[in-house]
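According to Swiss-Prot, the feature 5-amino-6-(D-ribitylamino)uracil binding site maps to W31, S63, F64, E65, V85, I86, I87, F118. As annotated by Swiss-Prot, (2S)-2-hydroxy-3-oxobutyl phosphate binding site applies to G90, T91, R132, with the evidence given as sequence analysis. Residues annotated as active site, proton donor in Swiss-Prot: H93.
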Amino acid sequence: MSSRTTLGLSAPDLSGLDGSGLKVAVVAAQWHGTVMTGLLDGALRGLVDSGVHDPAVIRVPGSFELPVACASLADHFDALVALGVIIRGGTPHFDYVCDAATRGITDVAVRTKTPIGFGILTCDDEAQALDRAGLEGSHEDKGYEAAQAAIATLTALSTALASGPS
């Protein structure tokens with residue numbers, strides 16, 4: 001792992017994954033550009049560290065649009081990584097977008113049986129988001145973690161399904 005890749009407190013160590021030969025797409029929102037740059041860079045590092053070559057990158061306007069993009073792509077990729085940033089403001093909008101994005105991503109993953117690494121930050125302020133973005137000085141790299149989670153889930157499911165019922 002690079003020196004900028006810092007796992008969150010109690011995060012599993014998923015190093016050593018073999019994602020070679022997998023077709024993976026990263027679906028990334030555009031709101032909060034600095035944070036998104038860190039998340040996207042971290043996700044791409046996480047995929048490369050897992051042996052995934054040439055992941056596709058699809059940009060959508062915001063986190064609300066992530067579920068429909070993932071739903072459209074799920075049948076064409078082995079795994080997806082969804083990245084976004086939602087920062088609390090003074091209205092209920094934060095709650096609505098967080099709920100819609102989370103439920104939407106969950107629904108797509110369950111319905112299509114496609115692992116989706118969940119890299120949507122839901123933060124009270126920009127400082128919290130920057131601290132999790134995998135940037136220089138950040139304490140965590142949630143983009144990296146989301147990418148590794150997608151590959152680890154796909155690997156676990158593939159292994160379980162290959163071994164058949166016991």
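Backbone N, Cα and C define each Cβ position, glycine as well.
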Binding-site residues compared (W31, F64, F118) - the one with the fewest other Cβ atoms within 10 Å: W31
Span of G90, T91, R132 around (2S)-2-hydroxy-3-oxobutyl phosphate - largest C-alpha separation, Å: 23
For R132 ((2S)-2-hydroxy-3-oxobutyl phosphate binding site), the number of other Cβ atoms found within 10 Å of its own Cβ: 24
Among S63, T91 [binding-site residues], residue with fewest other Cβ within 10 Å: T91
F64 (5-amino-6-(D-ribitylamino)uracil binding site): secondary structure state under DSSP, collapsed to three categories: helix
Span of W31, S63, F64, E65, V85, I86, I87, F118 around 5-amino-6-(D-ribitylamino)uracil - largest C-alpha separation, Å: 17
